[in-house]
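A short write-up of the structure that comes next.
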Amino acid sequence: MNIHEYQAKELLAKFGVAVPAGHAALTVDEAVEAAKKLPGPIWVVKAQIHAGGRGKGKFKELPADAKGGVRLSKSIDEVKANAADMLGNTLVTIQTGEAGKQVNRLYVTDGADIKSEYYLSMLVDRKTGRIAMIVSTEGGMDIEQVAHDTPEKIRTIVIDPAEGFQPHHGRAVAFALKLKGDLNKQAVKLAEQLYNAFIATDMSMLEVNPLVETTDGKLLVLDAKVSFDSNALYRHPDILALRDETEEDPAEIEASQYDLAYIKLDGDIGCMVNGAGLAMATMDIIKLNGMFPANFLDVGGGATKEKVTAAFKIILSDPAVKGILVNIFGGIMRCDIIAEGIIAAAKEVNLSVPLVVRLEGTNVQQGKDLLAGSGLPIVAADDLGDAARKIVAEVKKAA
């Protein structure tokens, strides 16, 4: 689960992290009032969407030369004008795709006198089972370019969660950022505070970009992006309350209500599979046969007829879907139950696109018999390769 920047900063502040003063705003008037509560004389008006690259982003509705989603304002009138420009408009960034995201809230913060910018992030390294703290002296909006052009400028400090954060980890961060004296001590302390926040709230990713040194010698978290492990949210009702469903795909929200793992993609073949690994293999083989998956959808190991019906409805809610491939390997899950769900779903949604089904595993013959006797135009497949070839052929035939 993702949260907005202003929420991330409020959370980090509870762990002692230094952040600029700021207030969220839902209207232009609220943005003006937020600015009046801050000392100024410079304010920063920030679009709040669940995507990075806001500073270099562009608003669809504004002229091409208009500023992006992070703007300096030198007067209250500029705050008002910038807020009016952003609210209700669609911000397109490197992370949103061409569709962009509508800006429904802003974050007005105090300006900072910046001397230097740095980069610091933390994430779970699943390969090693450790926490990776990634730092660079090249902070700011172009960290992706730094990673591409000069990867040697990015350092990784690995922390074993069983050992926890130790002083030498903090010193390694400060050394990598080339900080000395009091700034070195601040960096050591900040690294520990961020680690504590990361662990205590079950974050999966924390990105500070930029971390700045101000002209008066202070380290300040100027921007923060946070994601949480959704599987751990039951332990954090306070964090779950921060969820902004307007930033999420409605189909993904509906899928979560049925305990379905659904991610919308840009292709035209809808996929319903049990197991993440099999789902990824299914998507790969669709691409191998010349078309692209419209989604990742894992129904899990305990799918019921109702769950399968919901999965079909979610897949077909995407108007780009031109065909559906169901690929089920029934171990815990019974193929006859899946077949019943497929038949019920196809009838309920009045299926109008080609459907190819590959079943294997527990009660597979009963499942195949149910599909064959359903009277529905369901194409059966014997294996994964056969299924991919058939769905591509059926979609092309229907075009």
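Every residue gets a Cβ built from N, Cα and C, even glycine.
The domain 'ATP-grasp' annotation in Swiss-Prot covers 9-254.
Swiss-Prot lists Lys46, Gly53, Arg54, Gly55, Ala112, Glu117 with the feature ATP binding site. For the recorded site, Ala112 (ATP binding site), the DSSP three-state label reads coil. The number of other Cβ atoms within 10 Å of the Cβ belonging to Ala112 (ATP binding site), over all protein chains shown, comes to 18.
Annotated Mg(2+) binding site per Swiss-Prot: Asn209, Asp223, in sequence order, evidence recorded as sequence analysis. In the three-state DSSP assignment, the secondary structure recorded for Asp223 (Mg(2+) binding site) is coil. Cβ neighbour count for Asp223 (Mg(2+) binding site): 26 (other Cβ atoms within 10 Å of its Cβ, all protein chains included).
Other Cβ atoms within 10 Å of the Cβ of Asn274 (substrate binding site) number 23 in total over all chains. Look at Asn274 (substrate binding site): DSSP puts it in coil. As annotated by Swiss-Prot, substrate binding site applies to Asn274, Gly331, Ile332, Met333, with the evidence given as sequence analysis.
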Practice prompt. Out of Lys46, Gly53, Ala112, point to the one nearest Met333 (substrate binding site) in space (Cα versus Cα); all of them are binding-site residues in the record.
Written response: Gly53
Practice prompt. Tell me the Cβ contacts of Gly331 (substrate binding site) under 8 Å, same chain only and six or more apart in sequence, or just say none.
Written response: Gly301, Gly361, Thr362
Item to complete: Rank the binding-site residues Ile332, Met333 by the number of other Cβ atoms within 10 Å of each Cβ, and give the residue at the low end.
Response: Ile332
Item to complete: In whole Å, note down how far the CA of Ile332 (substrate binding site) lies from the CA of Gly53 (ATP binding site).
Response: 43
